[in-house]
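Q: Supplied in structure tokens, the structure appears directly below.
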């Protein structure tokens with residue numbers, strides 16, 4: 001069913017995919033292509049999503065290193081804007097370098113673990129460690145919080161907490177918790193959900209989510225349950241909506257756009273998700289390119305069609321920029 | 001904040017609660033009371049919710065045994081209709097008897113573990129074991145599925161499954177799964193969420209939920225994250241809505257109402273939740289009584305006011321029926 005191109009596809013699959021691709025373009029009334037020369041003439045700043053655009057897990061998507069190097073050689077500004085909260089900026093930089101993106105610098109990486117930390121650091125009660133943060137999430141968030149000397153609990157410390165119901169059982173929460181941060185957590189459990197519920201419902205803690213992606217490209221083998229799964233469970237028990245720092249919201253990029261001081265028509269977003277990347281581009285009032293190497297296939301398109309989110313351009317893969 | 005009455009409340013709390021109670025009644029324009037004599041004249045069939053009405057966890061709510069015995073003595077029909085999926089009917093019966101409801105019989109207990117099994121058993125592919133069921137939930141569901149000789153996997157067998165992401169990691173699902181059943185699961189984990197996601201998204205499995213309660217009275221000490229937390233996470237990754245067999249839907253009680261062959265005006269539902277019990281009564285076209293011994297406090301009321309769900313009568317506790 002997927003519009004994903006990969007070298008090990010069977011012939012039938014490719015025909016099937018080609019058909020879907022054509023109807024996909026037709027239905028969306030998309031420009032099939034924009035060549036790299038025109039792209040470079042039109043834009044000065046390139047925002048890239050990572051998972052599903054540059055790589056799947058640790059597997060590179062063909063041509064991604066060459067495209068980034070090409071753009072940098074042409075004097076373009078390149079930013080990597082990812083909702084993936086499993087890594088800190090430092091850890092993403094390491095990944096970029098390890099995979100061969102040797103020209104990428106820390107300041108070009110804008111990730112939700114960093115964004116959520118910035119959100120909290122900007123508030124005195126957290127900066128001065130008067131209030132604590134309860135974390136449902138992976139190491140990336142905890143590392144960024146530590147790097148900014150914020151006071152947190154939860155995270156991997158609560159991975160093995162079990163709930164065995166008995167009449168006198170109650171979870172006692174730290175009364176100083178002011179915020180609950182929720183990202184993808186591969187060790188989500190009922191204890192964490194209950195702890196977050198109590199913080200939000202009983203202590204009136206802020207509820208902050210990295211993002212709400214339904215699925216994620218965490219490995220190249222299959223699509224995985226995304227952060228949306230974890231965030232939705234906390235929404236359901238608290239009857240509250242979180243502040244979402246990640247795409248499609250513009251929070252992560254506000255300062256970058258201000259510092260760049262560039263006309264929005266010179267910026268383009270390249271991503272694989274309608275409801276995050278392309279929606280984000282709309283919210284930033286910049287142009288967008290949808291690639292089909294990630295999560296957006298015909299099924300997802302049908303599910304999100306009602307949202308009326310359309311990219312300006314479409315590419316099968318980032319390698320078309322070469 | 002709660003409207004819950006209990007013997008160990010401090011004086012200030014009681015005054016606070018009294019004030020909230022008065023404004024609650026006023027805002028809802030409720031009849032403060034209906035006496036037990038009038039109630040017995042008006043109704044012949046009594047539907048009771050359990051958690052928050054008869055008990056909290058294993059702690060009885062004062063007067064609940066006496067009320068049930070009183071109604072049975074008066075020749076009334078009594079049914080217990082609960083969204084709690086942790087127990088089978090057999091196991092609920094044991095609990096009733098252990099707590100002192102010695103006159104309660106198995107056929108008076110209608111629970112979601114039983115209802116979800118009935119839903120599946122009515123379909124040939126499950127009854128003939130041609131298709132399997134993936135269970136996210138507690139023992140109650142698995143026991144009922146076993147009692148009907150249905151073929152299931154998951155449940156507590158997957159409690160300790162851990163996801164450690166590596167490039168070549170993929171979860172292989174059983175291709176014969178036709179349905180995913182989701183109830184409260186105190187051992188929810190990422191593996192289960194991912195397995196369910198794959199069954200629904202890749203195998204097009206049916207998605208069936210016991211209920212969507214935001215919170216539960218699983219122990220008397222605090223409110224707990226409810227089934228809604230688990231169901232919402234699967235909804236978020238599958239972008240699909242489940243079939244919900246529990247309240248407020250009428251599925252559980254359809255056959256009972258048919259067999260009773262009684263005018264709906266002679267039936268009343270007694271429960272503690274607006275969005276399940278009272279909404280359920282509206283869906284059955286029967287009268288309802290809201291008790292404040294459960295989850296419905298002023299906060300919840302405010303959150304659900306927009307739903308415009310109003311009970312016909314209001315009681316502080318079931319003991320007012322004595």
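Cβ atoms are placed via backbone N, Cα and C, with glycine included.
From a predicted model like this one, the values you see are computed outputs, not experimental measurements.
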Q: Name the one residue among A:272, A:312 that TrEMBL lists for the same Mg(2+) site as A:49, A:51.
A: A:272
Q: Just to be sure I understand the packing, how many Cβ atoms besides its own are within 10 Å of the Cβ of residue A:51 (Mg(2+) binding site)?
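A: I count 22 other Cβ atoms within 10 Å of it.
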Q: Give the distance between the Cα atoms of residue A:272 (Mg(2+) binding site) and residue A:247 (substrate binding site), rounded to the nearest whole Å.
A: 12
Q: Cα-Cα separation of residue A:247 (substrate binding site) and residue A:51 (Mg(2+) binding site), in Å?
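A: Here the two Cα atoms are 13 Å apart.
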